[in-house]
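Dropping a structure here in structure tokens format, bear with me for questions.
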Amino acid sequence: MLATFVIGLREGLEGALIIGIIAAFLRNNGKSLVPMWIGVGLAMALAMLVGAALDLVEQALPQAAQEGMETVIGGIALVFVTGMIVWMNKHARSMKRELEAQAAEALTQTGAFALAAMAFLAVLREGFETSVFLLASFSAAQSTSLAAVGAVLGLLLALVIGWGIYAGGVRINLGNFFRVTGAFLILVAAGLVMAACRTAHEAGWLNAGQQLVINLSWLITPGTIQSALITGMLGVYPDPRLIEVLGWLAYLLPVALYIYWPRSRCPSPRNTVRLQCAAAGILLISAAGLAILYPVPQLRLPAQADVVTMDGDAPRIIGTAQWVDGSIRLSLRETAKDAPSTLTLDQLVALSGGRIPVGLNAALHPGPFTATWTRHQSIHLRTAHAVLLDAGGSTTTILTLSGSGLSPPRIIALAQDKAMYSGQWRLSDAYVSQVQNALNAVSLARMERQFWAVYLPVGLVVIAALFFIFALRRISRSRNEQMSMTRLANPLMAGLCLATALTGLALSSRAQAQTAPVTHDVAQVHIALTADKGGSCVMDHSSAKAGPITFTVQNKAAPGLTELELLSEGRIIGEQENLAPGLPATALTLTLDGGSYQLYCPGANPEMQTFTVIGRAAAQQGGNTADLLAAGAKGYAGYVNGVADAMLTAVGILEADIDAGNLAKARAEYPLARPFYERIESDVNGFILPGFKATDNAGNLDYLVDMRASNLDPQVGWHGFHAIERDLFQTGQITDHTKALAAELQTNVALLAKLVRTISFAPEDLANGAASLLEEVQTTKITGEEEAFSHIDLVDFVGDVEGAQQAFAFLEPGMQTIDPALTERVKAQFAKVIAMLDTYRDRSIPGGYALYTAQVKASDAAKLSKAIQALQEPLSKIAEKVATAGTATSAN
């Protein structure tokens, strides 16, 4: 707040002074003030428009792009504020005289128009500087509302002082005023440098120099006055990194010395040239030292592969120093004489192990279906650094179903026999983890070297060239002074020691990776943000097996904790923001290699925790497509299990509230329990109880858990979520029947949570499930019939989209090897849909989203449907691609 107050006061006063001086001049000359006020009004409107446009553009961007935008805005603001400080330091005392001279010249030339243009340009410059500077300060502030209040108060005070100066009742020493506020703004601007370095890192632009310099969490605790003053005003974080500290010093020291160095102690012109040349020489020597002496990272691999279950020597092939995906393709044509061209739903259930295949819904797709059969075979080899890691073969029969309301068609793999052709041996996970740790370490080291040995030296050379140019210009203006290169040699050599010291500092900045012991083999990690110890970030597992890992994050009661980052060697590889207390849990799925990672939760106690991954993740190292997809399907099964467990917990809380007769709490808990089922509905709606057919609603768990009023079976009655919803939100009372419904729902959900662990997903199941979830959105969510009594359809909408996105996330590594362009299209469409849904967020409503009322439906249904259709089109192409990936095909 204080920082934006000073910015508003200083910038506002500068603008008020300009307007006041011009107005006083016009008044003394008997001229109208109307043209001037027209120019001032236009300039202020344009400046506010620019600021609003920049803010809207930033908010519309994805998270990483927002960080990049904040970096660019911070850089622009830094240039503006530095130029303002330097200009006012030189012209504060003479500003009135210069403006009056310009106004007199304008009057003698083109009269009112020239004065209006003069006022317009002067105020526009100040307004644009203020907009950009305040926007950058808002990004770095802990409280945007307090920062806005500070800016408004500063501007109002500036207007009062400006009016007082104009009216003649206020006298201030402008030179002293601007020198004092300039010192404060230099500190604020240096804080902007730190903030820009951090946002550039979060945007993925700057990954070098991320070593922690000092831990200031004892001084800067989120939510405290010290934190508001130090971080919000000066931009200093509780965990400053090396690059941030260097940037802070590199800006603060030169600017402060330039502004506040006593004029009486300034060097003579001759000595100024010497100093400029000496500085240029030091910079050139430093650049050369960094470029030459910074070590080239070397990849250090284990001396010998650790082979387990080995029969004979480990096979080796000639490879490169990169991960290679080699594939041998075999084709086999199979006649279709015994393959039926039409299948009923019950026949499909029999072929799929007693459950409805993923992506089909008995209520929406009762059958019969048109069946097309395809046979696929493939063998894959995978190598890394001239070592054969594994080999595998697969034989798959693909069934394509169409008709009976299926849009798009569903691709189903009925059988898959996969075996290791080199099954007598394999490389140990420990060995592969060492290789991947080495790859991760050398990758980071190369990025560090690129910054310290390439980008930084180039920057130093550019600055040195500027110093030489300034020296030459001064020499040319002083023709009587002759300076030889011999006289320049001494100051150049004098800087050699300093250059060597700077080079040593850069060389010593490299970080070493730490590896933690591994104790767990999981693919689902639950993270809770709690108020314990002033704010804690609690993981249920501190390690996991390499591959796709889903981090489910929920802020239970920690208003000071709103952000979570996963770091690898200082690089952000995944983050979740806006984690407000009370909102439903959010999921983040990442495919991770073996190695040590850091979970960073700003403001928590502790802020940094180690998370360890064991084994290899084929997705990150370019393993063959079949392995990537298989790993994704396996990881997705863990995700489904975790969501089912979370649903069981949420329904248990809902049942307890209903059993206690607490209508208000039950209404609040209902929206929190719903998203879990929506996220995995396409995976769990196929379970048929023993003794029932697929078309018997009495034995269909999906009917018993999630049936809507529009599809009731009179012979079975109403059960599940929506029967409870009717009692809570329409009838408005909890009866014994409501309690019985809640107990039955808890029993059925417990059964679902048990049954999902029996599912073995194929990659095409994930694609079919994602398509089915979006189909659900189009048919029941957008119409408003899903949550007809509570109107929380947008909560379900978000749950379906999140579930589809998670299924795609597990397929993404494999899809990148199959069709990168299609993969990026799907990712982009998901981002657009999620950004659109974010506009409906409302923390004041249980569930966190606006109610889907008749008015919202009438105004937004078409827009929502269009966005889902744009996502469905590319997503519908994935099932066939993953089902036939890496194989030769023959249709029958």
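Each residue, glycine too, has its Cβ placed from N, Cα and C.
Unlike curated records, TrEMBL annotations are generated automatically.
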Look up transmembrane segment in TrEMBL and report which of 12-30, 430-448, 487-505 it refers to.
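Matching range for transmembrane segment: 12-30.
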Please average pLDDT over the domain 'Imelysin-like' (634-877) for the predicted structure.
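Its mean pLDDT is 87.
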Report yes or no: does the transmembrane segment (242-261) come within contact of the transmembrane segment (177-200), defined as 3 or more CB pairs under 8 Å with a sequence separation of 6 or more?
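Per Cβ check, the transmembrane segment (242-261) touches the transmembrane segment (177-200).
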Six or more residues beyond either end and a Cβ under 8 Å away: which residues meet both conditions relative to the transmembrane segment (452-472)?
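Contacts of the transmembrane segment (452-472) (Cβ under 8 Å, skipping residues fewer than 6 from its ends): 208-209, 273, 276-277, 279-281, 283-284, 286-288, 290-291, 294, 506-507, 509.
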